[in-house]
Amino acid sequence: MKIGVFVCHCGSNIAGTVDVATVAKEARKMPDVAFASDTMYACSEPGQDGIIEAIKEHKLDGVVVASCTPRMHEPTFRRTVERAGLNKYMFEMANIREHVSWIGKDTEANTAKAIDLVSMAAAKLVHNKGLTPKSFSVNKRVMVVGGGVAGIQAALDCADGGLEVVLVEKTPSIGGKMSKLDKTFPTVDCSSCILGPKMVDIAQHPNITLYTNAEIAEIQGYVGNFDITVNKKASYVDWEACTGCGLCTEKCPSKKSRDVFNEEIGTTTAINIPFPQAIPKKATIDAEFCRKLTNGKCGVCEKICPTKAIRFEQQDEPVSESVGAIVVATGYDLFDHTRYGEYGGGRYADVITSMQYERLLSASGPTGGHVKRPSDGKEPKNVVFIQCVGSRDKSVGRPYCSGFCCMYTAKQAILTKDHMPESQSYVFYMDIRAPGKMYDEFTRRAMEEYGTKYIRGRVSMIYPMGDKYIVRGADTLMGTQVEVEADMVVLAVGAEASKGAPQLAEKLRISYDSYGFYMESHPKLKPVETNTAGVYLAGCCQGPKDIPTSVGQGSASAAKVLALFSKDQLESDPQISEVDIKRCIGCGKCIETCPFGAIEEIDFRGMPKANVIETICQGCGICTSTCPQGAIQLQHFTDNQILAEVNVLCQQTLQQSFE
Amino acid sequence: MSSSLTFAYYPGCSGLGTSLEYDTSTRAICAALGVELVDIPDWSCCGSTPAHTVDHTLSSALSARNIAQAEELDVQGIITPCPSCLTNLKTASHRMEDEAFKEKVNKLLEKPVENKLPIMSVLQLLHEQVGVEKVAEKVVKPLEGLRLAPYYGCIMNRPPEVMNFDDCENPIAMDELMAALGADVAPFPLKVECCGASFGVARKDIVAKLSGKLLDAAEDVEAHAFVTACPLCQMNLDLRQSQVNSLTGSKHDMPVFYYTQLIGKALGLDAKSLQMDKLCVPPSKAFRKMEEAQQANAS
């Protein structure tokens, strides 16, 4: 076999701390290596052309590139060797950047390790064989999980592109956090006026199937062919029959049900429609507060309903859906401010969250848009806003910036003045982070035109005094302590990952970070892809974002889905397990250990044997290390290939030990 | 070990001087609640405020000596009524979890310290070991009608990783104990606010401002009296109340009890052991209001 080795400088990324010329020189001495050189940027056009030329000139059978991570450029170089006429699996990559040059500064040690990695790759390559992908057909339907603004955008774009879309939302109505907002920054336009029509489009689009009050129960399959079980939670109302007339909500005697839509700043009836623009506009019963469901007495709604839609006996119902791609747009949750004991931690009635304040400002909110203190219903005069509650604070485990709080606080300060011209707003802030288009101008308007007093510093404590609250903090620009007398305090709570996000990630088999936010495939170049093919991200499930960015990402993920579905057939990855039928004794251990359910038992001439379902196998290799017979082998990572790597490494160590 | 509670007792220097009534009432209620106290033999100063500003090793050694003395007793732990002593003992113990530091401390000591005994305040002992329910069971004269502002001071629960007791922003141990006595506990917002501490000597104006604010807040929540857990806080609020009044022009007249005195009173202990007469602002006014409320309730 004739192998070519190309050692990449990666500018100074690798060459800075690895002697690449020596690595190439040593590579020439390795068995089967017919050609070796170092190259400035192997991934560049001249770099790739150089590889192709060398393959042709030296009649090479395989290529090793020693450069960056395979995640970055393995597909690039595979295409390169393919262009030169080789099978693309006759290629190996040695990672001498992330595994060598970026982790140590000792050139001698780095060079030695780089040589080791190259020799391992070359030894493995000797045992490589050409693999051919198989193709399979694609189910051109898409599921969008989460009905906030990002999910709505993704669903509409996919549907307008001609795809059949299934939208799943866990609450009774779509709209998400945006539907709760009174106005949006920096335009101060009505949130529900711009979102409402999009919500209606979802309801009326012929290509969209909408499941609200529903959650993902189970996901099977792979890109192109996912089988998903959706659990439709009991609403105790037949939504086919319900017309959303609202008679039941007027007559329901249980009026203390939690008002989730209004952030529990008000109460609602046990049977309710979350808000006037809800899509679908159907009633749902809160089982915890319904008198009929808790103690069997009442049933007023059942008697009054003109369409006889009430179903107290209704149960959760599973629905099966088959799709080819999934867009995850599950959004975020707000930080629980009660963790800040010094701010009153939920003890003081007039210390509220920013979202609660948003509901007080909203004309469709519990006070009809009149700002009233929860404690006594009086209109506040001095309103103090505290930023970074659950953002940029390591002590509560939220070191990251939530990004949008500076902006919504400025908006709320402006709206406060609009609602109550006699009022005075104060904002305690750490820095103003307003990098978007017209954003900085907007925060300046809050200060300059609306007279909001911005105080740079953290608040150490809030305590009630009489019917007011004393807000004590530092003014770090003045270098002094300040106390502000407030009638109402609004905590600008930060964002955190949606509850249950890690559990959903495990069902989707995508990665998430230590805070529960979903991880994109590449932070810069693959911002809406995940590492699981066919699963895309949109909106705040990936990290806090404002509305424009969420919408942009919703469209981006829709574009990705449309591009994926532009092909009728997809190629499967041939790096999967394969059973040597002669060696297999049918013990079934591989079937038990496979986390993807990709191995089945078949009858082969009266004997039980294992069989790999190619499209489900993810190539993880657990089965190969389980098989007592060595009968199941992961293609491209066979026992022989891995042993070849180990041997070449150990031989050197063995020789050293005898010297 | 038997189920009874036996603890090494560290009175601290104020316990034998300025806060004698805290010490005697603590001993009295512990006896009444079945907690046996063994005074640490030959205890020395904990280092108080000055030592740790000079040298952490020396400061820890001062407290470590007392811990070592207690280790020779057959006890379940060390308790002290004074939050300042508690801070020094716990900080020393916390630092000595680092073996290298412990070695440095042991070099300064006659006999090495093991650092295994749990250390807690009397308040923590009553709340966690004795239990609020047991205290409630023993009440013979409930404090019904007495509205109290519970004041913990700034160091009883801070820093949380060292003190490891109750909530550092909104502690509730004393609130619960007082409620168990039948008292009406006001939602006092400044439970852990600074009273001015030892600035009473150097800068009376600072204490007048800070303690004055506490007194204002207690009046604002319509408390009849303060209930405190710290000798220094008690002194600033009680002894210096007239100073506060003359410096700020206020007219405060609010008794400031130790929580141990009030527990003793509710348990029906004799006046001598509770030493109510040692308080500067006479407590009679608060008790009169309590009795009035009880009579109004009865009729």
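Every residue, even glycine, has its Cβ placed from backbone N, Cα and C.
Beyond its flanks by at least six residues, the domain '4Fe-4S ferredoxin-type' (A:233-263) meets 171-172, 180, 213-215, 269-275, 278, 280-291, 293, 298, 300-301, 304-312, 314-317, 353, 355-356, 358-359, 365-366 of its own chain at Cβ-Cβ distances under 8 Å. Annotation comment: TrEMBL describes A:233-263 (among others) as domain '4Fe-4S ferredoxin-type'.
Helix first, then strand, then coil: DSSP counts for the domain '4Fe-4S ferredoxin-type' (A:281-315) stand at 10 helix, 3 strand, 22 coil. What TrEMBL records for A:281-315 (among others) is domain '4Fe-4S ferredoxin-type'.
Annotated domain '4Fe-4S ferredoxin-type' per TrEMBL: A:575-604 (among others), in sequence order. Confidence annotation: the domain '4Fe-4S ferredoxin-type' (A:575-604) carries a mean pLDDT of 93 in the model.
Sequence-remote contacts of a segment are chain residues at least 6 beyond its ends whose Cβ falls under 8 Å from one of its Cβ atoms, and for the domain '4Fe-4S ferredoxin-type' (A:608-637) they are 89, 128, 131, 134, 136, 221-222, 225, 572-602. Annotation source TrEMBL lists domain '4Fe-4S ferredoxin-type' at A:608-637 (among others).
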The domain '4Fe-4S ferredoxin-type' (A:608-637): DSSP-derived helix, strand, coil residue counts: 5 helix, 8 strand, 17 coil
